[in-house]
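This report concerns only the one structure given below.
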Amino acid sequence: MLRRFAVIGNPIAHSLSPVIHQMFAQQTQIELIYEKILGDDVKFEQQISDFFIQYGNGLNVTLPYKKRAYELAKIRTQRCALAGVANTLWMEENQLHADNTDGIGLIRDLSRFLELKDKKILILGAGGAARGIIFPLLEAKPLKLIVANRTLEKAEELKRQFPQINVTSFAELPEFFDLIINATSASLSDQVIALPEEAFSHKPFCYDLAYNQKTSTAFVQYARNGGCEAVDGLGMLVEQAAEAFFIWNKVMPSTQKILEHLRSF
């Protein structure tokens, strides 16, 4: 029986999710269609309702609707509740369920490059993207997890929810890290957060949650210019998609060849 999925966001034309899920479908021999839905700021909640009334099986949610999707759900997973935003929706026993697969997607992609246990990790930014990855990063048992933000007040809000983290401003960063994660939206507008030179002195591995399939993101290029190994978030996109696919279809697809295929363009 043909299963129906979609991703909703605004903008949405650039989304790689349909390509990724179709490759998962071919690999697992599951018949499905996966569409793009342009979100309507006024009618978003109605769009969600209509999708499931019309026998939709699962829905991915991207910017700027993750918070509204979270609030719409009746049942949320623990990691979704901690993130405060949702990117994966489905109906079960006539109730809307929500999960957030971004964090586990990040951890699985990072594991290709380095071990997180006992590492000193810096997250740039204290918005929704940062909030969604803190819990899974803490589960990996780093030595220290520091969140830096332009305004300290926003970082302090995160510390109230996650007392284990340290917070600082961009201007007062400690001297070295093993891993720097860019969770700001700067790369989306081709800008970078200028960091003190000392931040790169230990040659940390650098990771941008944003991705650009055709060229390096601004942060990745900035980090490489500082002598660091750096990658964008395309791998995270594929891994979070695999987790959503598993939630909906109870089959975990393989991701490595799909990521290699997407990187080859």
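Heads up, the Cβ atoms here are built off N, Cα and C, so glycines get one too.
Going by what Swiss-Prot states, the shikimate site holds SER15, LEU16, SER17, THR62, ASN87, TYR211, and the candidate of ASP102, ASP190 recorded there is ASP102. The NADP(+) site recorded in Swiss-Prot comprises GLY125, ALA126, GLY127, GLY128, ALA129, ASN149, ARG150, THR151, LEU152, GLU153, LYS154, LEU209 together with one of GLY103, GLY233, GLY235, namely GLY233. When the neighbouring Cβ atoms lying within 10 Å are counted for each of the binding-site residues (SER15, SER17, THR62, ASN87), the highest count belongs to ASN87.
Most Cβ neighbours within 10 Å among the binding-site residues LEU16, LEU152: this distinction goes to LEU152. Note: the CA-CA distance between THR62 (shikimate binding site) and GLY127 (NADP(+) binding site) rounds to 15 Å. Every protein chain shown contributes to the tally, and the Cβ of ASP102 (shikimate binding site) ends up with 30 other Cβ atoms within 10 Å.
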